[in-house]
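Beneath this line is the structure, given in structure tokens, with notes to follow.
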Amino acid sequence: MTTKTRFAPSPTGFLHVGGARTALYSWLQARANNGEFVLRIEDTDIERSTQAACDAILEGMNWLGLTWDEGPYYQTKRFDRYNEIIAQMLEKGTAYKCYCSRERIDALRESQAANGEAQKYDGCCRDLPARDTDEPFVVRFKNPIGGSVVFDDHVRGRIEFSNDALDDLIIARTDGVPTYNFCVVVDDWDMGITCVVRGEDHINNTPRQINILKALGAPIPEYAHVSMILGDDGAKLSKRHGAVSVMQYRDDGYLPEALLNYLVRLGWSHGDQEVFSLEEMKQYFKLDDINKAPSAFNTDKLVWLNQHYIKTLDPEYVATHLQWHMDDQKIDTSNGPALAEVVTALAERAKTLKELAASSRYFYEDFADFDAEQAKKHLRGVALEPLQLVQQKLAALTEWTVEAIHLAIEQTATELDVGMGKVGMPLRVAVTGAGQSPGLDITLFLIGRSRSEQRISKAIEFVADRINS
């Protein structure tokens, strides 16, 4: 049997990291077993579902590279199918119309609560004969009486629910709209889903869904209910812990490879290995290796992984993601070095692509002023001679290469009998406007000859004015 999994988010908000991890685990289960992965949008909550949320989910999945083989399917486009099955169930007697009023249901719950009883429907309409009436009704599934529902969860082991603890679930509301728990069952059946990977908050839905599947004569998929993700303070991950939207991590400068690597390790492991390529994830992933204990989100670990991937992935590839941040920060990359060269130069220092973009601005744009603190420290009178001599050395170069630039700076320090810092720091502030950059040779090379010479002249003028003031 072909493995077939699905990711089925509700479009009531963005794709958060918990959902992204579930999608990743489901995707890996399919890919590790040469199976198929389905994307399904569960939009039966019509009032809360939005097109913007749908778009955000698709954008997040595409950015992560979690491609799907089927879909996206939308539940709101399958209402005819759900109603067809409901009609069949009413005909077979596995479902029934319930005419109980809201007032009766509320009174029942109040009475049960007062008596310390579990709050559930009492089956009042379960065995009533059919009515020819215009009274409003819901449709309820006729849940089995007695016995239990047992399933082996890949994460949590054997789970058992008593049928006596389950009431007759509403599968269609008074307006005729089918309910979430019913739509899920029909979808999983129609789409041939063999393994359901989802959050632990769905565990209580599982026995109800299994009973409906049995009533339909449909196969029962395997289940894996993964634990929640906690913040570093032990509370459930929420907005107050920082970014929880997948695309917020994109905006903050993380590579998809870093986020995927981090998410896969939030509950799953393979020995002591920390860094996994997507191919390695597919090779090693097994649902049975997922830990059932909650996992705590650690941003420092994500930053470490992001640094690793910025440094080790192909600079040309990293540059494609960096371009988004350059555009976002309104840096025109057409007037300067190739972005891949900038990635190579700055990768060792960068924690995020957002940070890398900000620190590379001087390669593409002239700055109005020198950093005040750095200028005060390094563009003093003693810097005039080193700047003038290095300017002469650079102007005399027959070729603008990293090696030639390095030699010119080195010769300047040698001729003046000073340490490299006495030349390097004033020169760095001169060409970048600040006090940090990669090696000066690669920095000047990437800035370009004309722009470098203009900036050094500007710094010499700045120092001269300072001497004369």
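Along the chain as shown, the residues are counted starting at 1.
Note: Cβ is positioned from N, Cα and C throughout, glycine not excepted.
Quick look at what Swiss-Prot annotates:
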BINDING   Cys98, Cys100, Cys125, Asp127  Zn(2+) binding site
BINDING   Lys239  ATP binding site
MOTIF     9-19  motif ''HIGH' region'
MOTIF     236-240  motif ''KMSKS' region'
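Neighbours of the Zn(2+) site: apart from Cys98, Cys100, Cys125, Asp127, residues of the same chain with C-beta atoms within 8 angstroms of the site's C-beta centroid are Tyr96, Lys97, Tyr99, Gly123, Cys124, Arg126, Leu128, Arg140, Asp168. Highest local Cβ density among the binding-site residues Cys98, Cys100, Cys125 belongs to Cys98, counted as other Cβ atoms within 10 Å over all protein chains shown. Neighbour list (Asp127 (Zn(2+) binding site), Cβ cut-off 8 Å, at least 6 residues apart, same chain): Tyr96.
A strand conformation is recorded for Cys98 (Zn(2+) binding site) in the three-state DSSP classification.
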